[in-house]
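Structure provided below as structure tokens; questions to follow.
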Amino acid sequence: MTSETSRPEPKRLFIKTYGCQMNVYDSERMRDVLRPLGYQPVETADNADLVVLNTCHIREKATEKVYSELGQIKKMKEAAGGRMTIAVAGCVAQAEGAEIMRRQPAVDLVLGPQAYHKLPEMVARASRAVGERLETEFETLEKFDALPKTREADGPTAFLSVQEGCDKFCTFCVVPYTRGAELSRPVDDIIFEARNLAAQGVREISLLGQNVNAWHGAAPTLRQAQGEGSQAEWGLGQLVRHIAKIGGIDRIRYTTSHPRDMDDDLIAAHGDTEAMMPFLHLPVQSGSNTILKAMNRGHTAEHYLDIMRKMREAQPDIALASDFIVGFPGESDKDFEDTMNLVREVNYAIAYSFKYSPRPGTPAADMFGHVPDDVATERLHALQALLWEQQRAFNASKIGQTIPVLVTGKGRLDGQMHGRSPWQQAVHFDAPASTYGQIVNVKIVGATLNALAGELAHAVEAA
Ligand code: 5AD
Ligand code: SF4
């Protein structure tokens, strides 16, 4: 029973999140599991009772950056007379384990991405027995089962994690080692959480997973599934159609996908489900079949282009997005030209490009054919110039159109609001604050590389 007097003392929680949307989601869940212990989020680390660094291992020197950040936080802990619990979570925690505590004695807790549900217990123990230092065993357990199913929504958009882990073992990537094997969350749990978010006013749900389109699950029951395809096993397309039926959910997105798991039913869902937003982030990494093979991607450039063609058939206005790596070991001028040609053929709305950097322990780190840094930099610049040209043109193509925008917050200037277009572009426009959380029609009058500017077409909800 909860009463005024049994409420825990308010405590200050600071979480710093690095890296991908999975980490953003995990940080939200950590806030949720810690709320019952009285932890309230604060904006800065100084004076916090609990500081969590939710780390990412994908970028170069990620580990060193975490140690340097920990050095700063240690000083704050000393200034607070030691009254601060420091936790390191996420993929660096998974990779480094107890080594973190050895190198930085101020750290109290280390926990991997599968162990957030244990956080309250670990924090309680660490603050009861000051000096007791804890680490998780990093076992891959069904973390989805152990997390609370209800969450506090924070605005009209929300992430919903449906899948974890990766079995693809691309030769450059640490994720299969840090996030473990692919795991799909059960349908009932996802629907429960989606309904709960909808009840709190969420209108746009982004389904998350390292390989989100590898998601699969048993249909809830045959009876419930009737009319929605009665096959016993659902893929992501079926899940999206089901979530689209929840009252209040107008927009559904999913990220990030792998070409090998892009099945025809998911592509069809882009054509037959109104709530499915016209956006697909499908990383290809390279346009050269030689490099794709060396990367162990399990698909060719032709297969990828075929998927993109089918996507455009299913949803003609779709915005296509990707990730690229240049300078992978053995990449020749011709391989790089294949990448540029693929980009020209697809014509992206947005894409992220990276210079290859070796991750210790991954197969590519031991490959021959090192590409000199100046060559890789030159390729990166050429690729980025082409991608930015396409991104600018995509954004500019919306000028003159009146588009539905989900209003997500106040703009920087007085009287301004911002929101998101169906194609995931940021849109800025003058509007009353009362439009927050609505989908309004906005006439686009300007476009830059990263945003659209518009004018409110009318102040009422768009159809
Ligand atoms: N070097 C450069 N980029 C990488 N990525 C993943 N691992 C590496 C690496 N070792 C990029 C990929 C991936 C994105 C999240 O980060 O493009 O899709
Ligand atoms: Fe890494 Fe490849 Fe898995 Fe993506 S699909 S997380 S790049 S191993």
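Keep in mind that glycine also has a Cβ here, set from the backbone N, Cα and C atoms.
TrEMBL annotations: computationally assigned, not manually curated.
When I checked TrEMBL for this same protein, it listed these features:
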BINDING   CYS20, CYS56, CYS91  [4Fe-4S] cluster 1 binding site
BINDING   CYS166, CYS170, CYS173  [4Fe-4S] cluster 2 binding site
DOMAIN    11-128  domain 'MTTase N-terminal'
DOMAIN    152-393  domain 'Radical SAM core'
DOMAIN    396-458  domain 'TRAM'
So which of the binding-site residues CYS56, CYS91, CYS166, CYS170, CYS173 sit close to ligand 1, that is, with a CB under 6 Å from an atom of it?
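If the test is a Cβ under 6 Å from any atom of ligand 1, the answer is CYS173.
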Using CB under 6 Å from any atom of ligand 2, narrow the binding-site residues CYS20, CYS166, CYS170 to the ones that qualify.
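Near the molecule: CYS166, CYS170.
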List the Cα distance (Å, whole number) between CYS170 ([4Fe-4S] cluster 2 binding site) and CYS91 ([4Fe-4S] cluster 1 binding site).
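Between the Cα atoms of CYS170 ([4Fe-4S] cluster 2 binding site) and CYS91 ([4Fe-4S] cluster 1 binding site), the distance comes to 17 Å.
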With H, G and I counted as helix, E and B as strand and the rest as coil, say where DSSP puts CYS173 ([4Fe-4S] cluster 2 binding site).
coil
Of all the binding-site residues given, CYS20, CYS91, CYS166, CYS173, which has the fewest Cβ neighbours within 10 Å once its own Cβ is left out?
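Lowest Cβ count within 10 Å among the binding-site residues (CYS20, CYS91, CYS166, CYS173) is CYS20.
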Return only the integer: C-alpha distance in Å from CYS20 ([4Fe-4S] cluster 1 binding site) to CYS166 ([4Fe-4S] cluster 2 binding site).
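It is 14 Å, counting Cα to Cα.
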State the count of C-beta atoms found within 10 angstroms of the C-beta of CYS170 ([4Fe-4S] cluster 2 binding site), not counting that atom itself.
21
Using the recorded [4Fe-4S] cluster 2 site (CYS166, CYS170, CYS173) as reference, state which further residues of the same chain have their Cβ within 8 Å of the centre of those residues' Cβ atoms, listed in sequence order.
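Surrounding the site, in chain order, are LYS168, PHE169, PHE172, VAL174, VAL175, PRO176, GLN210.
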What is the Cβ neighbour count of CYS56 ([4Fe-4S] cluster 1 binding site) at a 10 Å cut-off, with all protein chains included?
19
Averaged across the domain 'Radical SAM core' (152-393), what pLDDT does the model get? Just tell me the whole number, please.
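Mean pLDDT for the domain 'Radical SAM core' (152-393): 93.
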Would you mind reading off the Cα separation of CYS166 ([4Fe-4S] cluster 2 binding site) from CYS91 ([4Fe-4S] cluster 1 binding site), to the nearest angstrom?
13
What is the separation, in Å, between the Cα atoms of CYS56 ([4Fe-4S] cluster 1 binding site) and CYS173 ([4Fe-4S] cluster 2 binding site)?
12
